[in-house]
Amino acid sequence: MNAGFPIPLQVNGATAPLCRLQGVTKSFGKLVANDDVSFSVMPGEVVALLGENGAGKSTAMNVLCGLYLPDAGTVEVDERPMALGSPAASVARGIGMVHQQFKLVPSLTAYENVSLAVDRGRVWQRRRPSDEVRRLMAEVGFDLDMGKPVWRMSLAERQQLEILRVLAQGARILILDEPTSVLSPLESERLFMLVRRIVARGRSVILISHKLSEIRQVASRLVVMRGGRVVFEGSAAGRSSEEIAGLIVGTRSVSLAARPASAPGPERLVVENLRVTGHSGRDSVHDVSFKVRGGELVAVVGVAGNGQAELLDAIGGQKPPSAGRIVASGSRKGRGFAFIPAQHLGVALAPGLSIEDNALLGVHRRKPFSVWLRRREVRRHCGRVQDTFGVVADPDSAIRRLSGGNLQRIVLGRELVGDPDLIVASYPTRGLDIAAAAQIRNALIARAAAGAAVLMASEELEECLAIATRILVMSGGRIVLDRATAQTSLNEIGRFMTAAEAS
Amino acid sequence: MSASDPSLLLLGAALVSATPILYAALGELLIERAGVLNLGIEGTMLVGAVAAFMVAHGTGSGLAGMGCAVLAAAAFGGLFAALVVGLRLNQVVTGLAMTILGSGLSAFLGQSYVGLTLGEAGAASAAASGVYVAAALACAVIAALFLRHTRPGLLLRTLGENPAALDALGLPVVPLRGLYVVLGSGLIGLGGAFISVVLTPSWIENMTAGRGWIALALVIFARWRPLWIVAGAILFGLIDAYRFRAQVGGASWIDPHFLNMLPYVATLVVLGLQSRRPAQGAGTPTLLGVAYDRERR
Amino acid sequence: MRVRLEPRLTDPTLAAYALRAAVGGGLALALSAGLLALSDHPPASVLDALVRGAFGSWPAVQSTLSKAVPIGLCAVGIALASRANLINIGAEGQFFFGAFAATGIGLCLPEDTAHPLAVALVLGAGLLGGAAWAALAAIPRAVLGMSEILTTLMLNYICLLWINYLVRGPWADPLTFSFPYSPPILDAGQLGPVFGAIQGGFPVLLAAVALLAVVDSGTRWGYELRVAGDAPEAARYSGINAAWIVISGLCASGALAGLAGAIEISATTGRLQTGLSPGYGFMGVLVAWLAGGRPLPILLVSILYAGLLNGGFSLQIAHIPGAISTVLQATILICILGAGSLARYRIRIVRSTTA
């Protein structure tokens, strides 16, 4: 145990990298998730790994952890090549990852969880931490009651415990995957203090995050990925949030249908003083009010994790609001109100059922269906749903065999049947290939042009600027900007996205 | 207090009649803590019972019978483990099939032993019943210490709750689960052997008479904790002894059938109370009955 | 070298299904033959006696079909609940509670009740009784999230003890002396055979199988069961009431088992007794699983299972121990179950590479 101590202190002016990825390529079928990815991590530094969802960050980290075996490329630790595709080898060479879903056992105490990983070969279970673990706790400044069962710990405490466990296993390169997504601002602050102490002893941290202010606060170097490639690697010092946001998003020109241009119709959705409490007990949506009229296509944007997803879930009825009022022009059970959740499989679609069954989901209580589901009507309905966006597949085959694009085509096709007056879509183009994304966008534009009110959340600012008539920017759970697209710019949106954080 | 004190006699009788259930419940506890729901307890007990009787009858040694019962039941458990842990068959359905197999197999093997007695070996075993009772209590204490104070015990607790955590650490989930099914089945077999060699001593088809199901109820009643199993088993033993005395003595304030319902009703009540509280920390193997499959999540 | 089980990416086809039955059946036959040879019973003659006892004569077929009724009805109910991912292993208790309710009505009705009405009341009581007993597990599951596997299992034994109490206590028939029987129910409530000799419950079983097929493919309720069983989140998204699905699914499952109990009373024994079921409820679990929950296979498998049961009785008459048939029954079950695993998983032998 306790591999690799002590390490020469080379915080400044270090010569040799602690770890280096060289030409890592990994594809899943046709999708090239990592394309010739190379970057290195020096001892004692915090590297921020940035990129949109699907940019290839997780794939690169899973290669580093040994969970994925890359098609090509090497990983070197201490300038010696590491065996790839073996978690044990990665752990032995000092790489440890804190996943977003913690791998802790809730009924065991904090120490027992650490012990699972550390005390191999013992017979009697220690009741209290070994000296090594206690030394580590004192060194890095962990503040944990090791006798407490994990299920009684807060998320922040669990995260500390997971970090402690990874360090106790001898990790010198600690990967944190969106660590602050479950933390309050105060807890995030404490986490960063912890991170600084961890790297002070020559260990390194790779931080995956979407929150630009955090990155500016703690990272010493940036690695930005886009479309599976590393597009930027360099010092973080002196870079503004707008600059970083630009690096992440890049400049893309996507051919899009023009945004709907029609006189606003009647109010279809009114949200008043809405408040949604997140799972950590703090509000993820704060006192939000806005209206959407017919003919409008309103885009909700923001840095990931600032309440956009929760807001749309609350409007769609997936999450009960803790205060406030939502008035929609139709009901989800009747017709007129379509909701497209962010997750298809498991929420919008039942993965084990057929395409035909899924085409019916939520529609099955409307006309022409009754307590009897007549075979011919179901078949005809399924045909209509498939035809809306041209999904060619056997209606009896299992839905989970479809590609991501086709899954979204089925969901949208089903939700748009009956021409709803109000469409709420949570990240409808996320993870889709270009053709599918364009098809979905155009359908939303067409519905808005025909007089429906459309509210969508999106991560792609370019997309929003091109198709939305109005843009709502969320930050810290509040709407900080509500402006017609024609009267704003990418720069202004970027500034508001990061404004609340910077203050 | 003299040895003939009626309350002491009742307690002694309760302990003896609780012992088979105690062994079986402890065995089932190990298996369930490892995340496997074994509904074949009754069959495993019968296999143990018939093996013990056959060997004790042949060798004239009750102890040899008990030993062979453990081996036979462990082998029977090995088959179950191969099916549900290895081949990942549905645990409920396979467990029911194992009950049928155990009942048929024991009836088939024991057909020529029906009506025989153990003679001296039986008398000796009955005289030594205190030892077997004490051994059962010792097993419970050892199981409690094992779960609480040893590293393998820690792994066992994790096995039923988060096998993926063990897998991520490179620890062998499938072999460990198999091992505990085999070990637990051995203990269950000992419970059956106690019935045929010490309690009666004789062999009759299906002589366990539902004790396996009571053991299953007891494990849930005790919320998967060994010392609570002892308490529960003694409680049920007392009910049993009281019922026996009431039947012999005639009048009883309550019909014995209702007394027999108590273990099941109590188990339902415990299940209900537990469901109102967070399952964590209760020792409940939350993934009970779910085959471990790395590729599925 | 390691052996790995990997999930197959495609659903088992009909051919794979038939293959697994054939492989399992073959393996079971080979194992059984070996076992019989070891115990000095010529396998061929035992098999002959078994098949003859099950299907070899008209009375044998009649008896087999009448045993298929309770097994099949329980299996249909269990399969129905499994649509919503509810595992009902309490069919045995629901069977007996249905029988209890049917007997209760059968003992209360005046002797001059019209025959069709009496039968309808007796069977209806069985349906309600089974549903009520299942509700004892369904409501805690819907409200508190209590595991229906454990509650339905425990409720079995409570019900069995209740029946035992009744037929030895308040409902004991003074005319049958020491036998644990209730008095017979009224004559008008007895369900006679149909088509001359087939047990009156058999058409009910056919109807239940057809009902399952209709629920599956043509009703909103069946659809909602399926969605709730597959993806609870998707059920919530589409406005399906989860508590209603749990309660209605389990209660309907129990109602079918209760109906089976009532048919046993009405068409076979005419009175409540402890030996009413040799474990029909548990056999139902096995049959539903072996048949993959599909309606027509359930019918076929329950007839085969009943044949095995019946053949076992005839073995005893031929001086072959009945235990052999129990062992054969379990061997066949385990072999077919094992073959089922091969239909779902691919076995891969992986040469271990030293990392």
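The backbone N, Cα and C atoms fix where each Cβ goes, and this holds for glycine too.
Whatever TrEMBL says is automated annotation, not expert-curated.
Annotated transmembrane segment per TrEMBL: C:21-38 (among others), in sequence order.
Residues 77, 88, 90, 93-95, 97-102, 104-106, 109, 146, 148, 151-152, 155, 159, 185-186, 188-191, 204, 247, 250-263, 265-266 of the same chain lie 6 or more positions beyond the ends of the transmembrane segment (C:117-137) yet place their CB under 8 Å from a CB of it. Residues annotated as transmembrane segment in TrEMBL: C:117-137 (among others).
Sequence-distant contacts of the transmembrane segment (C:149-171) (same chain, six or more residues past either end, CB-CB distance under 8 Å): 87-90, 92-94, 96-97, 99-100, 103, 107, 133-134, 136-137, 140-141, 180-183, 250, 272-274, 276, 281. Under the heading transmembrane segment, TrEMBL lists C:149-171 (among others).
Residues 58, 62, 65-66, 68-70, 72-73, 76, 79-80, 119, 122-123, 221-222, 225, 256, 259-260, 263-264, 266-268, 295-296, 298-299, 302 of the same chain sit 6 or more residues outside the transmembrane segment (C:191-215) yet have a Cβ under 8 Å from a Cβ within it. Annotated transmembrane segment per TrEMBL: C:191-215 (among others), in sequence order.
Annotation source TrEMBL lists transmembrane segment at C:242-263 (among others).
Sequence annotations record features per position, and here TrEMBL assigns transmembrane segment to C:275-291 (among others).
Note on the transmembrane segment (C:298-317): residues 46, 49-55, 60, 63-68, 71-72, 75-76, 79, 205-206, 209, 212, 278, 283-284, 286-288, 290-291, 324-326, 328-329, 332 of its chain, located 6 or more positions outside it, place their CB under 8 angstroms from a CB of the stretch. Per TrEMBL, the feature transmembrane segment maps to C:298-317 (among others).
Under the heading transmembrane segment, TrEMBL lists C:323-343 (among others).
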Cβ-Cβ under 8 Å with the transmembrane segment (C:242-263): same-chain residues at least 6 beyond its ends: 69-70, 73-74, 76-78, 80-81, 83-84, 86, 88, 90-92, 94-102, 122-123, 125-135, 137-139, 141-143, 148, 152, 191, 200-201, 204, 208, 221, 224-225, 228, 232, 235-236, 276-277, 280-281, 284
